[in-house]
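Below is one structure; the comments refer to it alone.
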Amino acid sequence: MDDEIDTLRWEISEHSPIIEQVISKYKFNLKYGGYFRLARNSCRQVYCFGFRKSLYIDTCSYNRTQLVKEVRKHYPSDSDIVLSINFVDKNAKKQCFIELDSDENFMVMLSMYKEEKEVTIYATTEKITQQTYNPFSIQDEVIDESDDENDSESNCPSEESYHSRHSSDNEYELLNYDCETDAQSRSSPIFKLNSKFPNVIAFRRALNHYAIIKEFEYVIEKSDLTRLTACCEDKKCEWRIHASVTQDGVTFEIKKFVETHSCTRSNKCGNKHATQGWISDVVTDKLKSDGDVSPANLQTWLMQTYNVNVPYMRVFRGREQAYKDMYGNWDDSYVNVYDFKQELEKRNPGSVVEIDLQTIGDKKHFQRFFISLTACSKGFLAGCRPYIGIDACHLKGKFNGVLAAATGIDGNRHMFPVAYGVLESENTKSWTWFLKLLQKAIGTPDGLVISSDMQKGLGAAITQVYPNAEHRECIRHLYNNFKKHFRGEYFMTKLWGAARTYSVSKHDRLLNEIASKSEDAILYLNENHNKIWSRSKFGTLVKCDYITNNISETFNSWVGDIRYKPVLDLLDAIREKLMKRFDKKRRINLGEFEVCRSSDNRAEVKYKGKRWEVILDEKKCSCRRWQVTGLPCVHAAAFIAFKREPNWETYVDTYYTVGKFREAYALEVAPMPGKDQWVHIETNEKIYPPIIKRPPGRPKKNRIKPPDEPTKKRHRCHRCGMYGHQQRTCKNPAREGFDDASTSKKKEHKRS
């Protein structure tokens, strides 16, 4: 990241230091491998994308030659690179660098920083050019780059094209205030006679910023497109400024300026000049670095940084304007949807990309977008279990809607995104449209399982599109609905136990115990939750025993920090995350049981009075865990170990093999150029934004968590496997495979 040189505090003195030999310990902060460039709209230069190393030296035995050798160690030895080593002249009134091209300058540096005993040294492969450009004071003739840049600061962002900020090769335009740091934001802009500004808007913004930094209020006496006159709010104060247009009819120049205040300036400026446009300018960098920051947090940050207390709604509007400046006009974000579709299909042949529009009158409004890249769909079919979690999360931008996703599981039990898209809302029609396109992408694999939270309309859509698929319901969401009618620890323990067990008889027994307390509870489950939610009812082809839909929640969390972006930027950001994820995954390399064997492949396994039948060649155990998960259960593992079988991998389902894992991520998600390089489709139809059906109240951006949902990782008892208590206080029956005797021996051994 950019390392701002301006964080050094320059001390201005009238005389240069006397050169003398200083014999003491110094700390050199050496920065190398980077380069200097202008900070945003500033004469200051920043050192970018380098490395840092601290050197502790004794000036008695260390000289400039040793420093040059140390720097050269970090650059190719066989190249003809000419290095420039510099340090900041702290006595200069403006940013100034001194090159260490002689022993004399080396001694100057030591003498200059003899009090601090610490100096930052910058190494570059080119000479540093001292700049004179200033964002608020343009002394010389304004060049084209600066005109273009400040014109982009127009106060009418709605008239900009969506990609105007990404369509220039001009470096200054691309910076567009991208690199300002807090140190620079707090620096005072320079105002003096004959200072020039690109236009009246730039002058007004500079004046606003100047007033906030200097902490005073001003009153505008005259203002139009050709002139602006302002004075201090205190009529007795001498401070006054007048600027007017020059002969070119656009550029503004300060003609009269009385800089000194004769008032006390006790009001600290308040928030009068902290306008929406000013807020947009100063929070842009924070939004780019921190992502989606709430208006309340921005309020606090503005108070801490600029000492201004700004109303909540003004901060909110300023933040929205900053997003508009960064990503373009929200309304225009739907114009290039067909260009994006064509670019995806061109770069990823075989992908399923569809757009659905809503026609109202003679206008076509955006409604839905579906994407299933070839790498995702074919990778799922080739290397993943036929298990898909379906879920949707709300978008955080201007237009309401949901981000829907179909997520699978790879051989390493990690999420595998299969398809994603934007829907207008969760209803049967939109889910049916999404699932039909999902079916077009992956078909209907054998043993397909679809897990969901039973969102609005999803159940009916799954029944219509995938009538033969095994539809599982998330037990966590089921229980959240169940406890609204039947509360208590007893119901919770029995219901979760019935969901976790692989045994049909145990499942029925736990439900009968619930019925003994309340028959209405069983009637409620049969009427309202008739999908599959217990492991005892799971099929054996999919090899997945998940009773929750947490794999979909994982996807929602994965994209959580980009959901505030406009639709095109959001969809493209997910594509980029997929591209990186696929590339990363391609680089990953992957006592107490009694066994009574009846043949080489069949045996009875006993443990603490219980008994299970294990059949190795059929990969079956009477506990059913092996059949459901595809991994040998503890009983099968005991039999395999009893046989001293070296090839354990033969008993693990192929979905867990490295081959299947590699097949899942074998295809690549193709990279794409910037939006300005997409092939433009000539069409007379303009795509309008969707029709907003925003409910009353402030839009919800975060999921409402139930009161009993844990916010932190809970401790799990090693004895019974339940949560909320320690092993030493556990009163529940011990879980299968746990030995109380061996645990007691370990405790006694530790005490001794």
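Cβ from N, Cα, C; glycine included.
As given in TrEMBL:
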type	residues	note
REGION	144-166	region 'Disordered'
DOMAIN	612-644	domain 'SWIM-type'
REGION	689-752	region 'Disordered'
COMPBIAS	695-704	compositional bias 'Basic residues'
DOMAIN	716-732	domain 'CCHC-type'
COMPBIAS	733-745	compositional bias 'Basic and acidic residues'
For the domain 'SWIM-type' (612-644), the number of residues DSSP places in helix, strand and coil: 15 helix, 6 strand, 12 coil
For the domain 'CCHC-type' (716-732), the number of residues DSSP places in helix, strand and coil: 3 helix, 2 strand, 12 coil
Mean per-residue pLDDT computed across the domain 'CCHC-type' (716-732): 83
Residues in the compositional bias 'Basic residues' (695-704) grouped by DSSP into helix, strand and remaining coil: 0 helix, 0 strand, 10 coil
